[in-house]
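Annotation source TrEMBL lists transmembrane segment at 6-28, 40-58, 70-93, 105-125, 131-153, 165-186, 192-213.
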Amino acid sequence: MEEKLRIAVGILGNAASILLYAAPIFTFSKVIRKKSTEEYSCVPYTMALLNCFLYTWYGLPVVSYKWENFPVVTINGLGIFLELSFILIYFYYASANGKKKVAMMTLPVLLLSCSVVLISTFVFHDHHHRKAFVGSVGLVASVAMYGSPLVVVRKVIQTKSVEFMPFYLSLFSFLASSLWMAYGLLSHDLFLASPNLVGSPLGILQLCLYCIYRKRGSEKQPQKWDLETHCNKSDQHLQVKEANADKPIQYLKVNDDKDDEKANQQLQLVVADKTNWEN
């Protein structure tokens, strides 16, 4: 019964992980459409790539006992393909400075993955020690993967906007980490359960932040009647301005007439004085 439950949870974990790894498709369709990475971060995808590499290797018979962790291999193998695709798209549309950052993050991930494969194959000679080594490195990588969205969380708190924290990525991260935590506990494998003890609470944190700042963002949006009122006021202001447009000219004309009359009066006085002086 426990074995059947473990397999069932593993299948559900695979389904949730597929949704998790596929969730950025919406984000990258937007990146391709706008031809810009905008404020999106590449850190979660490089950390996810490292996690997928390590746990694919962890689930293979070289490290695990036969195919006891076959569900782990299938989903993380798919994850490698998807995360590499996202990173390449990000690299293509990133700025020159962004390309350097992506390269500086991706190359160490590939080197670390190859190093773990070589060390576990040639240094350790039994499944127990190989699982302990690869699982320990994978534990750190998983914590980094689940913690990498904190970079985006910081931006969300600063800007009070969830624009660059995709909702589905947060939701499926929470679901996948919760299910794989259950799978690890049922398998009595702490290397599978432990990372998700961190991932599940972080997923809850992201969902809570999304709910908080999504509501604030919607409150700041102007209502339709506000826009109409503003437009009406603007129209009235323009009408008044147009009606008064000729007034300065009229005022100048009046002033000119008054100046002419005053000049004529002064001229008449001068002529009269001259006449009296001659007399």
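Backbone N, Cα and C atoms are what each Cβ position is placed from, and that goes for glycine too.
All TrEMBL annotations are machine predictions without curation.
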Q | Same-chain residues at least 6 beyond the ends of the transmembrane segment (40-58) whose Cβ lies under 8 Å from its Cβ atoms | A | 21, 24, 27, 31, 64, 69, 72-73, 76-77, 79-80, 83-84, 86-87, 90, 94, 98, 101-102, 105-106, 109, 112-113, 116-117, 120, 131, 134-135, 137-138, 141-142, 144-145, 148-149, 151-152, 164, 169, 191
(Q) Counting a contact as 3 or more Cβ pairs under 8 Å, with residues at least 6 apart in sequence, do the transmembrane segment (6-28) and the transmembrane segment (105-125) touch? (A) no
(Q) Using a Cβ cut-off under 8 Å, which residues of the same chain at least 6 positions beyond either end of the transmembrane segment (192-213) come close to it? (A) 69, 72, 135, 138-139, 142-143, 145-147, 149-150, 153, 156-157, 160-162, 165, 167, 170-171, 173-178, 180-181, 183-185
